[in-house]
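As annotated by Swiss-Prot, S-adenosyl-L-methionine binding site applies to Thr136, Gly159, Asp181, Asn228, with the evidence given as sequence analysis.
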Amino acid sequence: MSEIRLFVTTTEKQAAAVLDVMSAIFEEDDYAIATMEIDEKRDVWEASVYMMTDEEESVRSRLAQALEVEFSHLPIEREVLPDVDWIAKSLEGLAPVRAGRFVIHGSHDRDKVKPGEIAIEIDAGQAFGTGHHGTTAGCLEMLASVARSRPVRNALDLGTGSGVLAIAAWKLLHVPVLATDIDPIATRVAADNARRNGVVTGLTFATAPGFHSTTFSTNGPFDLIIANILARPLMKMAPQLVANLAPGGSVILSGILAEQRWKVLAAYNGQNLKHARTLWRNGWVTIHLTR
């Protein structure tokens with residue numbers, strides 16, 4: 001069975017708006033969504049959703065219905081994707097990523113780690129998060145900044161993916177870290193990556209949808225919560241996330257497009273958190289808030 005990409009071609013601004021629509025209608029599904037720049041000079045972008053061939057008819061119908069009010073002029077195009085390990089392929093030849101004191105590298109680049117750097121080795125796998133995306137790098141840089149300015153006794157990495165942020169938090173802070181994900185594959189991959197990086201104690205991994213698990217009350221409240229997911233779920237879970245934050249604690253949020261920043265800030269200001277800092281990387285933002 002092949003993988004299909006359904007997409008619309010438009011401007012950067014409209015692609016971001018279409019991505020918001022996709023996030024809303026596919027929030028409870030496991031479909032990957034993304035925007036991609038096609039032509040910088042002509043401001044041509046694509047907003048895409050990925051699925052298997054047997055799901056195409058249903059996804060197309062839902063997408064067309066959601067787009068017909070504001071974006072009916074944008075045709076939904078289709079591409080059949082070849083059977084390629086895109087994660088592995090995309091990492092071929094990628095240089096190590098440096099963010100603050102952290103360097104994220106593949107096993108083929110161990111010799112490029114410099115003295116004094118905090119090295120985290122992440123190879124291509126089934127879970128998201130290699131450090132090459134602006135949101136992951138932004139979280140790493142913000143983590144280093146928070147560690148310099150505020151005491152942290154424990155931390156939560158919500159939506160851990162490959163585990164890179166949880167591993168980074170433990171290596172930098174040396175405090176108990178809980179790492180959760182809704183995907184059991186991600187949880188397993190993250191635990192494997194932690195062991196590969198020599199982190200065998202101090203990190204707890206759990207498969208948990210949102211905050212509907214006793215693992216949060218058992219391990220929390222948390223001095224630091226890192227959530228690198230998407231803007232819409234971040235806004236939706238703001239009350240539950242803040243309920244698990246310790247007094248005086250910090251929150252690092254990412255997976256947020258620059259134009260979505262104000263909506264996310266409004267959701268967390270409504271929970272009495274204060275904006276401390278925003279980092280900008282390649283159209284994405286990472287936000288630090290405090291209690």
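Glycine is no exception: its Cβ is also placed from the backbone N, Cα and C atoms.
Summarising the S-adenosyl-L-methionine site geometry, the residues cited as binding it (Thr136, Gly159, Asp181, Asn228) extend over a maximum Cα to Cα distance of 15 Å. Asn228 (S-adenosyl-L-methionine binding site): 27 other CB atoms within 10 A of its CB, across all protein chains. Around the Cβ of Gly159 (S-adenosyl-L-methionine binding site), the same chain contributes Thr180, Asp181, Ile182, Ala227, Asn228, Ile229, each under 8 angstroms and 6 or more positions distant in sequence. Using a 10 Å radius centred on the Cβ of Asp181 (S-adenosyl-L-methionine binding site) and all shown protein chains, the other Cβ atoms total 27.
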